[in-house]
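Engineer: From TrEMBL, for reference:
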TRANSMEM  12-33  transmembrane segment
TRANSMEM  45-64  transmembrane segment
TRANSMEM  89-114  transmembrane segment
TRANSMEM  126-151  transmembrane segment
TRANSMEM  181-205  transmembrane segment
């Protein structure tokens, strides 16, 4: 009599792969300045007529010395004391940081569970709990990315303005604005993280069957 275990962890392996890509894209989206692309009429300082508004800073190309040490590209970082920053940018800063941590925890939990499976460690409760935990972290991370991405997309669609102070050399409102690269990257990250969470939560412990071996 031989015991045969039918492993069903293929989806969870896919969850790890998709979760890794989603977490990387979340990190890339958070670091990009191209969340909103502003088009402005006055090109005296903003030489290209285009400025990029991110969640951490605003940048544009200028052929003038608009600040000491800056020429051609001028960037001004947002401060935690800047009261003019809209709520969707503050929310994006906090939620994307949380998403990074949650995604990393999800990857850690999935790796631990997969390690036990492929090393033949039969701890049903432990493995199942870690896959469930990983799935929760993935889904929570995906939702944390979804909120700022959707909110900032709405702000772009409504052509909402930002009351920048004079030191930023930015107009309070653009003539037009469009979605930057960070938002579609964030959307892809959301899809991958939610898929990863769904795959992790769908895990079922391997079935053990008894097989008669006849000579």
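Positions of Cβ are set from backbone N, Cα and C atoms, glycine also.
Heads up, TrEMBL stuff is auto-annotated, nobody curated it.
If you look at the structure here, what lies around each of the features I listed?
Structural biologist: Same-chain residues lying 6+ beyond the ends of the transmembrane segment (126-151) with a Cβ under 8 Å from its Cβ atoms: 12, 15, 19, 22-23, 26, 29, 55, 88, 91-92, 95-96, 98-100, 102-103, 105-110, 112-113, 116-117, 183, 186-187, 189-194, 196-201, 203, 205.
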Engineer: Which range out of 12-33, 45-64, 89-114 gives the transmembrane segment (181-205) the most CB pairs under 8 Å?
Structural biologist: 12-33
Engineer: Take the transmembrane segment (12-33) and find every residue of the same chain, 6 or more past its ends, with a Cβ under 8 Å from one of its Cβ atoms.
Structural biologist: 52-59, 75, 96-97, 99-100, 103-104, 106-107, 110-111, 113-114, 117, 131, 134-135, 138, 141-142, 145, 149, 180-183, 185-186, 188-193, 195-200, 203
